[in-house]
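**Q** I'd like to ask you about the structure that follows.
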Amino acid sequence: MITIRPDEISSIIREQIEQYNSEVQVVNMGTVLQVGDGIARIHGLREVMAGELVEFEDGTVGIALNLEAQNVGVVLMGDGLTIKEGSSVKTTGKIAQIPVSDAFLGRIVNALAQPVDGRGPISASEFRLIESPAPGIVSRRSVYEPLQTGLIAIDSMIPIGRGQRELIIGDRQTGKTAVATDTIINQKGQNVICVYVAIGQKASSIAQIVKTLRECGAMEYTIVVVEPADSPATLQYLAPYTGAALAEYFMYKKQHTLIIYDDLSKQAQAYRQMSLLLRRPPGREAYPGDVFYLHSRLLERAAKLNSQLGEGSLTALPIVETQAGDVSAYIPTNVISITDGQIFLSSDLFNAGIRPAIDVGLSVSRVGSAAQIKAMKQVAGKLKLELAQIAELESFARFASDLDKGTRDNLARGQRLREMLKQSQSSPLAVEEQIATIFTGTNGYLDKIEVKQVKTFLDQLRKYLKKNKPQFGEIIRTTRTFTEEAEALLIEAIKEQTELFVIQQKN
């Protein structure tokens with residue numbers, strides 16, 4: 001018969017009592033009342049915060065955007081097809097954040113920073129909030145370094161500086177994305193990290209852009225954030241913030257970054273869809289009242305940091321699409337008022353064969369020549385004024401039957417200057433090449449060249465300079481000034497190349 005030993009039993013009970021953990025885990029739960037169109041209405045969730053992530057039974061995650069008296073309006077970050085009425089939901093106590101690391105370079109990710117290029121997971125030990133506050137006034141310094149786009153028309157007349165926000169605006173099919181991708185390609189060897197955010201675009205268009213970047217060797221310093229047209233509106237709305245968080249990671253590591261949002265019109269439309277489904281009151285063009293804040297809090301994250309924070313920079317090039325050239329619509333005027341200038345692309349110029357189709361009269365950079373090297377200021381200072389005067393002359397010349405020789409010469413030079421500003425896609429030019437090109441055009445060296453042959457002549461001149469006068473490029477790169485020596489070398493090269501070109505044409 002087994003003998004019961006009371007002292008042994010009491011010691012076991014005492015041990016159990018000592019090991020007892022009285023910690024109670026409180027989970028804030030709710031129930032789905034209604035689900036559909038990427039929106040769920042939830043009863044309960046009394047402790048939920050605005051913008052908090054909530055998790056559904058099937059693992060789908062949503063963001064609590066509407067906190068109402070009787071229910072909570074949640075936008076889903078997924079299709080939500082398996083969520084049913086009556087399913088349970090719990091709060092997570094977190095707001096949206098993404099992993100960040102150097103391993104993201106060269107990769108294609110979605111709005112949740114998950115890889116979508118089929119090249120396996122991305123290792124990251126750090127996290128950043130998707131929506132983090134912009135640097136304050138004390139944390140910034142004024143923009144003073146140029147960010148070269150490689151496009152003569154922009155770098156000479158509408159210069160962009162590191163830490164600036166410059167809007168690219170125009171109708172569909174006017175070359176907005178081409179300007180942005182050329183800028184990324186031109187950052188090769190400039191120690192600039194690029195982030196390209198594609199919002200609501202066709203998958204085929206995105207694939208073409210990635211192919212171009214790969215062929216030009218630009219993917220090694222670029223991250224592509226993709227949410228195509230068939231993505232849920234929530235993810236299209238989040239994608240730009242994800243891109244900004246990835247770019248900020250590098251900015252705070254004392255690096256220079258460039259981010260392109262292609263395009264913010266589609267993000268505004270996704271946000272409008274979410275807001276209307278959440279029954280928020282519509283305003284102008286049915287956009288919600290806070291659509292300005294949607295873009296301002298995103299674009300204010302672009303900055304040039306002060307020396308205490310490492311002088312890193314985040315330059316933003318948002319793209320906005322207009323309808324029939326109407327820049328006075330709601331979203332275009334909002335973004336124009338937030339940014340430090342705009343590059344306006346005209347469909348008339350594009351159709352006339354002037355590419356990039358930049359309307360110099362309507363485009364402006366509010367940073368101005370502070371974002372140019374001294375050599376560019378010396379050479380291109382009067383170019384914008386000269387083009388404006390020629391455009392005015394052309395409008396008068398339409399009504400005049402006979403023009404004096406001076407006017408005819410000015411109009412002929414205008415044609416050559418326009419030809420000089422034309423550039424093929426994916427062929428950005430180095431600063432010294434741009435300076436040589438502008439100097440040749442503005443000082444009348446193209447006046448004797450046929451308009452049709454200007455492009456060929458300039459291409460040959462740039463090659464001739466590189467091969468026979470490498471000192472010219474060296475002077476511009478090292479001194480960043482258009483010295484007398486550089487000018488003498490350039491004039492010599494122009495004269496030699498003109499002689500060669502004339503002989504070529506005769507043969």
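Glycine is no exception: its Cβ is also placed from the backbone N, Cα and C atoms.
Residues annotated as ATP binding site in Swiss-Prot: GLY170, ASP171, ARG172, GLN173, THR174, GLY175, LYS176, THR177. Annotation comment: Swiss-Prot describes SER363 as site 'Required for activity', evidence class sequence analysis.
For each listed feature, how buried is it and what is near it?
**A** DSSP classifies GLY175 (ATP binding site) as coil under the three-state reduction. In the shown protein chains, 19 other C-beta atoms lie within 10 A of the C-beta of GLY175 (ATP binding site).
Sequence-distant contacts of SER363 (site 'Required for activity'), defined by Cβ-Cβ distance under 8 angstroms and a gap of at least six in the same chain, are MET157, ILE158, GLY341, GLN342, ILE343, PHE344.
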**Q** Tell me, how many other CB atoms lie within 10 A of the CB of THR177 (ATP binding site), whichever protein chain they belong to?
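**A** Step by step: centre on the Cβ of THR177 (ATP binding site), count other Cβ atoms within 10 Å, giving 22.
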**Q** Starting from the ATP site formed by GLY170, ASP171, ARG172, GLN173, THR174, GLY175, LYS176, THR177, give every other residue of that chain whose CB sits within 8 Å of the mean position of their CB atoms, in sequence order.
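**A** Along the chain, the qualifying residues are GLU321, LEU345, SER347, PHE350, ALA357.
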**Q** Ten-angstrom check, please: count other Cβ atoms within 10 Å of the Cβ of LYS176 (ATP binding site), all chains counted.
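**A** Taking every protein chain into account, the count is 25.
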**Q** Other Cβ atoms within 10 Å is the metric here; tell me which of the binding-site residues GLN173, THR174 scores highest.
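**A** Counting every other Cβ within 10 Å of each candidate, the maximum falls on THR174.
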**Q** Would you count the other CB atoms within 10 A of the CB of ARG172 (ATP binding site), including those on all shown protein chains?
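**A** I count 11 other Cβ atoms within 10 Å of it.
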